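Below: one structure, written as structure tokens.
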Amino acid sequence: MSSLEENFPRGGTQKKRQEGNTPRSQTIDQDNLFQAQNEEVTRKRKKKHQDQAEPKKLKSDERAALKINAKDFELLTAESLTDGMLLLGCVKEAHQLELVISLPNGLTGFVQVTQICDAYNKILNTQVATDEHLEDLSSLSDLFFPGMVVRCAVVNLEKTKAGRRSIQLSVNPKDVNKALNSSTLRPGMLLSGCIASVEDHGYLIDIGVPAAKAFLPRQKAQGYLQSNNKGAELKIGQYLNCLIEDVKNNGRIIRISISQAEIAAAIATEEQNWSLSNLLPGLVVKAQVREVTPSGMSLGFLSSFTGIVDFMHKNHLKGRTYSPGEMVKACILSNNPTTKAIRLSLRPAFLQPGTQLSQLCSDRIGMIVENSKVKTFLSKTGAIFVLDDGSLGFAHQKHLSDSRLSFKPEKFKPGNEHKCRIIEYSLMDDMALLSLKQNIMDAPFLKYQDIHPGQVLEGTILTLKPFGMHVKLTEYIKGLVPCLHLADVPLKQPEKKYSEGASVKCRVLVSIPEARKIVLTLKKTLVNSKLPILASYEDAKPGLITHGFVVCAREFGCIVKFYNDIKGLVPKNELGLPPLTPPQEVFYEGQVVKVMVLKCEPEQGKVLLSFNLTDNPLDKTGRGEKTSKKQEKIYENAQVADVKILKKKDDGLDITILPNNISAYLPMMHLSDYVSHSKLWSHWLKEDDLLHSVVCLHSKGRHLTLSRKPTLVLAAQEEHAVKNFSDLEPGLLLTGFVKNIMPYGVFVEFPYGLTGMAPKSAMSDKFVTDTKDHFVIGQTVIAKVTNIDEEKQRILLSLKLSDCSSEDSVSQSFSLLLQYFKELQEIKSIMKKRDDSSVAQRLCEIKPAQKLELVVHKVETDGSAVFRGTCADGLTVVAAHSHLGGKNVAVGEKAEAVVLYIDYLKAKIYVSLREELLSSKPKKLTLDSQYEAIVQHVATEYSVASLIGTGQLIAIPVTSHFNDTFRFDSEKLKMGQSVMVVLKMVERGDYGLLLAVQAPGKRMTAIRSRRDSEALEETLPTVKHSLCVGDVVKGTVKSVKPTHVLVAIDDHLMGSIHASQIVDDVFEGTFPTSLLKVGQKVTARVIGGREIRTHRYLPITHPHFTQTWPELSVRPSELKGENKTVLGPEDDKSEETLKLFKPGQTVTCFVKKYNTEKKWLEVEVTPDIRGRIHELLLSLKPKILKKPGNFFKTGQALIATVTGCDTTGTKVYLSLSGVYSLEKGTITLGCIKSVIPHVGLQVTLPFGRTGKVSLFHLSDSYTEQPLEDFSVGKIVRCYVLSDEDKTIKLSLRQSRVSPKSHNKIEDPEIASLDNIKKDQLIRGYVKSITATGILFRLSDSVVGCIPLQRITPVCVPDHSLCAKYIHPGQLLTAKVFSINKAENLVELSLLPEDTGNPSIIPELCSSETNTNLMKTRKRKRRNSENEQQQVKPKKRVHCTEDDDSGVEIYCREEEEEEKYGRKSKQRKEISRLKISTSFTWEEGLNVLNTAMLKPKEQSSDSEEEDDTETTTKKQTKKQRELEKQKAEKELSKLEAALMDPNRKPQTADDFDRLVLSNPDSSILWLQYMAFHLQATEIEKARAVAERALKTISFREEQEKLNVWVALLNLENMYGTEEALMKVFERAIQYNEPLKVFQQLADIYTGSEKYKEADDLYNTMLKRFRQEKSVWVKYSTFLLKRGLLEAAHRLLPRALKCLPEKEHVDVISKLAQLEFQFGDSEHGKAIFENTLSTYPKRTDIWSVYIDMIIKHGSQKEVRDIFERVIHLSLAAKKMKFFFKRYLEYEKKYGTAETVQVVKAAALEYVESKGGLAEH
């Protein structure tokens, strides 16, 4: 017992179970999820192993093992493997449901997710049985990583359709270690195990040995956690190499170690008593060489065993030879219990267990090696080659020649060279697998990644299916040609044109390598097209002409699709059709067309196209004048466009604006925000180059001037530029550029042509001697508006850093540096394209901090040296004297130097020979930490420095702001100067340097504070006044701004009225300042004084208050003296200001601006309180977040909810969506952070939180590819499901996020088996295909099973047939056949008679295999009792091209088939493509509906009917232009109307179309009824309701109930009582009676029919007397009507009828209702009576306290708290009530009452004696 407690410190001891029971319980657990078979046989086998004593080695076994012949050295093949064989493997790939394992000799196996360990399977069972995500369940990619060596057992060898064997493996310890038992375990043994559970002091390990429990102490695991697991906790199911340290109780208690050092040194010995049956792969043994042959060698080990080493594992890297008798270390690779053959390896990587294997670069797979030398040739096996990089490769004999006849062994003598191709890489053999076959050499591709859209290929037709044609491209790669792409025109009988085995020429439409999906086209026009292909939105440049095919033709135009599913719209006016010609009558689906790109928006995925290819904008015949006239209309100021360079000039570029080819000019200084980059752009750009995102600055006459400065482009795109003079206001910060420099100041121009002046005194915080020393023309600057003269239209600016820089100067400085290097990378990408310039290529190859081998070319007189080298040919390499490191260099001497700085304009490189830089010692650096550095080089934009101690080079910005361009000599950085820096980037990346900024305490620019005696602002007049706070003044409105109004109090003094100080009641959406007009006389009250320069509010006692700008208020309440607002300085604000704003409180605020960089809306609450609204809190409508600036105008009044305050007391955090906390049930917006395949989404939420969305909560309707419509950065509307353990679970279901929309819920949420009913049709995803059936996922927590006999009606299919047509992840519709809640099982059916859908497996395929399957199953059934139990096979599901994903067919399709007949059936089959599981067809267009069927009918096999329409007569250019503009407006309106989700139908026909498209949506039927009721057509409304009840599917119970309720309402309002009762009786028959009763009661109450409601409630009390909700609802009804006595009599009746367990709950609820609607005294009496019976029910006490706090007095609250704290309860509960009491007193009491509570608490603690110390 003591040993048990020592090894298992928590949890105590357990009863010893019988040996037969343990495996039995494990088997049952597994059966629930995985349907294991032959349970009894398994139990017998395990019991047999347990009862075995230590096995004795048989002499016959030894003799068999000693017999070695030539065949034993042959390589392993899939045919040579047997079930139960043990192999050493390496993880190659880790997927969601399986592992791909690399095996010896180039084999590959697969481990299913259910073959990890029993503990992991148990969590899987729990996961699918509950609706909660289990944190203990880790994905396979978290447990296994590529290169990880594992022991495997072969569990199944199945043949695929192609005849190859699929090797199914298991890493479950019970399969790998099944030959071991507790008596055979010895210290020093190395086993494989998996984490079974995590305990307080260690881990329980599953080693697969019955009756043995292995424990890993936590202290023994610390080293492994730090080195291998990155410090993270070990997870359940994690695979480990376990070394047995101690064995107790005859092998029942085992202590293990996972120390990497101990495991690496572990060697199997004879003392461990290994036998031939239990030898494990991965064991390292000492062996003696017995025989050496060219094909391998035999070894003897452990004194009695013999194994072989094939030539691939003879330690070929050392190239050594072995001789008999030599001792070596070897690792066991495999153990075949059937043949008793053991294979070993001498590879060093295996001689230290736990070593991770390295992988070959994926780029080399598929590479052709021209000269590979033969190293060894082995007859009947293959040859080993030495590749170009020195690595080894192996080519099997079948890959050495194209055929057996052409094979000549003499060609493969050692040293011969051959041309070969790498086709694969074997991790276990550390060899590339090669092929010399010519067809493989010539193959254009070997893998899916090599195939690209637009590629023309040759293929062979495999099969013709109703959904398309399968084409074989290579032996392993196949593609699909949809029916639409079999020919240029639709084919009715494609089998007449194509036959299986024929060769076809096709073109790739879509290539998705990760999904192994290739879509092809056979349309001759596309295949033979010479036009450019359009495979991405970025390629869609205006003017591009290409081929595409029509996928939709409607009234508004045609939608054309290109390669890679790129779509574009051809509007009606660009179709080239005669007027009034419907496009659908001319164009048909699949028609190949030639189009021209007019416009493209890649971010939105929109392309505008045209069929009018002759309308060339470059045509100058008679159009030059007209084009110039259009110029001003087409390109306005601040418009962003793409341009093409026509000609280079010294000071700029002549360009043409695309797509209209309008001439413009781009000055050189406007190519970048950085002066040095502007010159670089100008130097390396060439004619015909394209430049993107260029903004129009201004147009003078017909000449346009453009700018490419990123800051100006961003201001134009985000609409931050001021368009009009009236929008300007003092204090506004604007981005502009220096237009001119004069001795008295600087002129700054902004987008839209506004220009202001910064006088000399406002140019800098330093003294300005010469204005030209501070700025240059064209330089980007940030200017602050200081004064506006509306009469003269003049703007005064300030360029001082103290006015224009932000508080966070470190971030601002780093942002400038980072943007500089990013733009430098763009310039280098341009330089790399200059093939004609070798200098440019060499400049791009060299990076800062790179070491170069140079030769001294020249030594200058100043001591500097000039170098040359092969790597710097044509470049000037210079090292200053100080950077020679004290060396005396001589001409011709070789030297190693490190690059400091590269001047790309002069092609000059500055290097250093200093030893501390050449021998730098990089160390791990911490982000945002301070380091000391030495300046090594000073450039224009940044300086290069080296960190002291490491020598690592960093870049420091020279300037901290765009305006920071001048400094005195004492402020400049100098070479050798020591500076403190803050590291902002710890990886060099492409820049070559680490990025840093100077520490804040050592800023480069000293901003001098101004003295109090200086003028407040030179640009504004300073007027003294004698006004005080509270004075009433009169004035005239001088100017009206969005957020404030300027008032002239007299001729010299100006005042300001904030938007919040105009009216008392401000309505949302209004603009209060618009109520005041210029020239209007106003009477105002002074509420504060604002300093002109800093805009701070000064106290009245401040000496400068008489020189402030008075802040006024014209609110009526202020003028009457009811409110007395006083504005003071921010520094004097206390915590009292923050208390005014509490979370959840609503306030009125006014829009200031939207900050695109910070992603928040800045608002003003009062003149001195500012607010911020985060982007995700702006609205609950995602479309508003696309362009927030368009929805929130400056000065607009908003009603916002407070979410919190900052520490300064001047900023309030607000919300416009009403969300101020993330609680359960909250609906908010989120931004997708990441898309996790097969798992779901991670969503960024407000308040810095992150939530998770599972696949089953993405939509109310499941799709084949649920994550297809989601991308990173997309804004979504979320519903908070839970917030537990710091993990927020979300739902994106429309029924959750928009509960009032009443949209159809096609796939309701399933939390447990209670949500499923027998015979219910339900949809879900295939989880896996097993030998017994299909595991079918219904939700995150519920998994059902579909037996094989319920898949197809023709036969009982086998596993391979199911895998052929069904694949994991496939969306299917099934019928619930049975529910077993006791065993947590649900059985479903896919039979057509159950689902109403066609058979998943075609009848033809089923009938062909029916006979053989039945015979096989009978034979298996007869022999099953006598066979030994084997591990349940887990077959790998292969996704083949014959799978069928088109299985979602609704019941209404049968009605449509009967109505429309046979032709409709044919058309439906064509429109719904049933394709392979590797392909998912989603056009993504709502416009594709049955209206397209008519053109399809009329299509034929010929192409003679393509173009039959004549063109219209020629019109004048003006008429065409007017028509074009008119058509575009009409098209825009039409598109907006069609795309508007809120568009309401106008006629009955509109409703008929809607309900036909969505017949199960009750909201549509209710709107249809309301439409008739508005026209007082009662009978028609009734008819619609009856029609809805017949049409809505029986599965949609809630939808039908909604219609019944609407019909009850209709009869209640417009019908008779008799008609109402008839409807009511019918509704009870078809719905749950209680719901119908409750709905009718609500209807009566709402229509004030109280008598009928009362009668109905009494009926409900008789019929549903045991339903608690009925009693509570009736009590609410009575109390709301004031019938207190009747409500009081209800409680005793309820207690008699309800079960006792419901009594306390119903009493509590009725008492709460008394407080809310009735007599609070009676409510108190009920609570008192209940508490007298249940005095220790803390939940009742808590509710009682809440009610008293809400509805009682403070005395009553204190009395009840005094009673509670004197109860005799547990200390934890007493602590809870003391805490509540103290919180109440702190909130509502005084300091004395708070002290009383604390004293009572202390007294209670002291009374507990021993607790006083705590």
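From the backbone N, Cα and C atoms, a Cβ is placed for every residue, glycine too.
Note that this is a predicted model, so its numbers are computed, not measured.
Listed features, source TrEMBL:
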type	residues	note
REGION	1-60	region 'Disordered'
COMPBIAS	20-39	compositional bias 'Polar residues'
DOMAIN	84-172	domain 'S1 motif'
DOMAIN	188-259	domain 'S1 motif'
DOMAIN	282-347	domain 'S1 motif'
DOMAIN	366-437	domain 'S1 motif'
DOMAIN	454-523	domain 'S1 motif'
DOMAIN	543-612	domain 'S1 motif'
DOMAIN	731-800	domain 'S1 motif'
DOMAIN	1030-1101	domain 'S1 motif'
DOMAIN	1144-1217	domain 'S1 motif'
DOMAIN	1225-1293	domain 'S1 motif'
DOMAIN	1319-1391	domain 'S1 motif'
REGION	1411-1440	region 'Disordered'
REGION	1492-1526	region 'Disordered'
COMPBIAS	1500-1509	compositional bias 'Acidic residues'
Tally of DSSP helical, extended and coil residues in the domain 'S1 motif' (1225-1293): 6 helix, 35 strand, 28 coil
Stretch-level contact, the domain 'S1 motif' (1319-1391) and the domain 'S1 motif' (84-172), CB cutoff 8 A, at least 3 pairs: yes
Tally of residues which DSSP labels helix, strand or coil - the domain 'S1 motif' (543-612): 9 helix, 35 strand, 26 coil
The domain 'S1 motif' (282-347) [mean pLDDT, rounded to integer]: 86
Stretch of maximal Cβ-Cβ contact with the domain 'S1 motif' (188-259) [cut-off: under 8 Å; candidates 84-172, 366-437, 731-800, 1144-1217]: 84-172
Per-state residue totals over the domain 'S1 motif' (1030-1101) - DSSP helix, strand, coil: 7 helix, 31 strand, 34 coil
Residue distribution over DSSP helix, strand and coil in the domain 'S1 motif' (282-347): 3 helix, 37 strand, 26 coil
